[in-house]
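See below for the structure under consideration.
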Amino acid sequence: MAAAIRIRAVAAGARLSVLNCGLGITTRGLCSQPVSVKERIDNKRHAALLGGGQRRIDAQHKRGKLTARERISLLLDPGSFMESDMFVEHRCADFGMAADKNKFPGDSVVTGRGRINGRLVYVFSQDFTVFGGSLSGAHAQKICKIMDQAITVGAPVIGLNDSGGARIQEGVESLAGYADIFLRNVTASGVIPQISLIMGPCAGGAVYSPALTDFTFMVKDTSYLFITGPEVVKSVTNEDVTQEQLGGAKTHTTVSGVAHRAFDNDVDALCNLREFFNFLPLSSQDPAPIRECHDPSDRLVPELDTVVPLESSKAYNMLDIIHAVIDEREFFEIMPSYAKNIVVGFARMNGRTVGIVGNQPNVASGCLDINSSVKGARFVRFCDAFNIPLITFVDVPGFLPGTAQEYGGIIRHGAKLLYAFAEATVPKITVITRKAYGGAYDVMSSKHLLGDTNYAWPTAEIAVMGAKGAVEIIFKGHQDVEAAQAEYVEKFANPFPAAVRGFVDDIIQPSSTRARICCDLEVLASKKVHRPWRKHANIPL
């Protein structure tokens, strides 16, 4: 495996050397120098391609990790990478850092631009073989330069993070470098997509840049995100915790929600990142790419007519509905292991990218809670920022009750999802498959939050609450509870009261859902919304 990786590294290095030649520098008149300018350039370039040297490259491979340049080679289209600042070196003179042995062309990060499936992207890849990928002033300067360029031309930024943190020898200059990067992250937010792929350690101040980007992915077993490491935690709180427990991929994809997905290894992560990139527009001013679609837009889906159980309390898998409706069952789920009671992700309808949001009856009956509300809100806001239409599948019995939720701030966090849907001006299509109870009905992209098209299936139950709870209030003391429940269901727990009032646009046959959505998306493609001017909104953070 290591040998194969080395071969790829050499090949990648050769391609990079070719791409970076043609600088137009002449050596005429310099023959008296011991080493010509051209030879010096070649030597510097060769040193840059080797990073921290073969010994450190081998150590990187033994950890099951690719080098910074190998990662770029796998991520980008062959021959498309145009490197910048290959000759930049750190400026630190303290602690022996001025010695030639501590100078590496390019320092500890590789930066530049390239293409993924022919589409422009800017990339930085931290090089753990050089000072552990630690961030120096020069390192930060290189990253900031490509981020500025990406904002200027309107292209995404992908960061491949593998760094031990700030370079201690540089002191405050390293901290200033982090702040410079954070500022670019904020400036670029909502302008260009920003993606972080954590492929090694990422600790201390370094963690805030991935946290500010739109999506954070991790590699299992080799990547870590934490503000303070296990040793500091032990000294301060007396907790014994491993790196993996504290900030590993499992922790951040299942417990904290900091990371959006985790992949098995570097190769798997980079291949998935290429696929994910295909769903995204280059900027907020550009449409998402359109893929040729061989899945008929008017395709009927007969299995949807029986997917919702007749028993209102029986669970089913919302993913079965999503996969059946979208193009070729291709769904890139975001945060699949976190807050599983809501499903979010990207798909295509008739070749065009859409954002999917759906309650998951298989988990907590699809109730909204703190984590699912925050997960859904962040996804909805990303889609709105980058003009990606939203399709929402609703089966929600309400917000999860209990002191843990109330003490945790479910009111404030639940309001985030409501706010996100209300704020969104992209095309919004909602399908109520079964339950839509109480305030959760309002929150899930209802007509009242300016949903463009709102459908209900015949199995929909749109009401203030479920029949049992309602009967206990309305028919308190009533002798025939079953009759009372039947009366409530007849009057309220069905799609007709909402349809009569225009709160749903139509009650549709489930099998026609794909055809109806594709047709609506075509009509809504020219949608324009004008809102009152404001400096910025104040979402309940």
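Here the Cβ of each residue, glycine as well, is placed from N, Cα and C on the backbone.
Taking Lys44, Lys101, Lys234, Lys527 one by one, Swiss-Prot attaches N6-acetyllysine to Lys101. Lys250 is the residue among Lys103, Lys250 that Swiss-Prot describes as N6-succinyllysine. Within the list Lys220, Lys476, Lys528, the entry that Swiss-Prot describes as N6-acetyllysine is Lys476.
Looking up Lys145, Lys340, Lys375, Lys491 in Swiss-Prot, the residue bearing an annotation of N6-acetyllysine is Lys491.
Nearest Cα neighbour of Lys250 (N6-succinyllysine) among the listed modified residues (Ser73, Lys476, Lys491): Ser73. Counted within 10 Å of its Cβ, the other Cβ atoms near Lys491 (N6-succinyllysine) come to 13, all protein chains included. Within the region 'Acyl-CoA binding' (327-360), the DSSP-based counts of helix, strand and coil residues read 3 helix, 19 strand, 12 coil. In the three-state DSSP scheme, Lys250 (N6-succinyllysine) is classed as helix. Distance from the CA of Ser73 (phosphoserine) to the CA of Lys491 (N6-succinyllysine) is 62 Å.
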